[in-house]
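Notes for the one structure printed next.
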Amino acid sequence: MYILRRLGAGIPTLLGITLIAFLLGVIAPGDPAAEVLRLGGMTEPTQEEIQAMRQQMGLDKPLPVQYMNWVGRALQGDLGTSYMTGRPVAGELLSRLPATALLALAAVTFAVLFGIPLGVLMAIKSDTFMDHLGRAGALTLTSMPGFWLAILLIGLTAERLHLLPTSGFGTWQHLLLPAIVLGAGTSATLMRLTRATLLDVLGQDYIRAARAKGLSSGVVVLRHALPNAFIPLLTVIGLNLGHILGGSVVVEVIFAWPGIGRLAVDAIFRRDYPVIQGYVVFTGLVFLSLNLIVDLLYRLLNPQVRLGESAE
């Protein structure tokens, strides 16, 4: 029942996303029928040819009918055809998805491995120089735009030290800089949240009881405090996955990473509206799916949520 309720709650949002994507194609300059004819080899199609193609594409029908037809095709996996390549939009997106998924996974891994341990250290060393330094660093990373961090890292590691490539795809060296830039903001968020959550947990009675039993600080933190502090961190990690996918657009362009973000930017400059529409729907669907997965994991790991639902 819980899954069905969550799925039902996501339907209006998904419909809103499809409506926005559809309207992007409606209000965009140019005529889709003329673009399709030019794609087929007609450099200067006549008005009669354009009108015939509009009828064939269903563009002469009322907008509500066009929207329903477009949604119906999208539900079958048909997001249209790219004006530039002539290939199905769904195929274009799926061909670029592995690169973006790899980059997002690497960015989240970096954020978790970098942010959570430093947050734990800041909580243990609360109100010391280490804590103040970590909080200042987290605030700096949160405030710094991704493109500016990318420029700094490229200038330092690639241009001066010649350690890493500045663009391309294929090896772990190509992945390192984009993953760091994309995961830096999330790692800063995890640092601050881990510190705040862990400090709150360390003040609980059962933690004081564990210390009174003579357990070492390491055992108290790792076995008793950190597992309870991890539950809210899971929500942040899951939600930031969606933000990472959205933020990958800038990173993919800067580092010439062949993902769906770069595909979307190329489509914007070329006015390839079917690709833009497909990108909006695809990323919206991924974001909703990630939110659903996070909700299910949170419910699974937090007994209080399950008990509250049982009481209702």
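Cβ atoms are placed via backbone N, Cα and C, with glycine included.
Since we're looking at a predicted model, the values are computed, not measured.
The transmembrane segment annotation in TrEMBL covers 7-28 (among others). Beyond its flanks by at least six residues, the transmembrane segment (7-28) meets 63, 66-67, 70-71, 74, 271, 273-274, 276-278, 280-281, 284-285, 288, 291-292 of its own chain at Cβ-Cβ distances under 8 Å.
Positions annotated as domain 'ABC transmembrane type-1' by TrEMBL: 97-298.
Residues 130-131, 134-135, 175, 178-180, 182-184, 186-195, 198-199, 202, 217, 221, 226, 233, 237, 240-241, 244-245, 248, 251-252, 257, 259 of the same chain lie 6 or more positions beyond the ends of the transmembrane segment (101-124) yet place their CB under 8 Å from a CB of it. Among the features that TrEMBL reports, transmembrane segment is placed at 101-124 (among others).
TrEMBL lists 136-155 (among others) with the feature transmembrane segment.
As annotated by TrEMBL, transmembrane segment applies to 175-193 (among others). Distant neighbours of the transmembrane segment (175-193): 102-104, 106-112, 114-116, 118-119, 122, 134-135, 137-142, 144, 146, 149-150, 153-154, 157-158, 164, 166, 232-233, 236-237, 240, 243-244, 247-248, 251-252, 254-255, 257; these residues of the same chain sit at least 6 beyond its ends, with a Cβ under 8 Å from one of its Cβ atoms.
Using a Cβ-Cβ cut-off under 8 Å and counting only residues 6 or more beyond its ends in the same chain, the transmembrane segment (233-256) has close neighbours at 100, 103-104, 107-108, 111-112, 116, 146-147, 150, 154, 166-169, 174, 177-178, 181-183, 185-186, 189-190, 193-194, 197, 262, 264-265, 283, 286-287, 290-291, 293-294, 297-298, 301. TrEMBL lists 233-256 (among others) with the feature transmembrane segment.
Marked as transmembrane segment by TrEMBL: 276-298 (among others).
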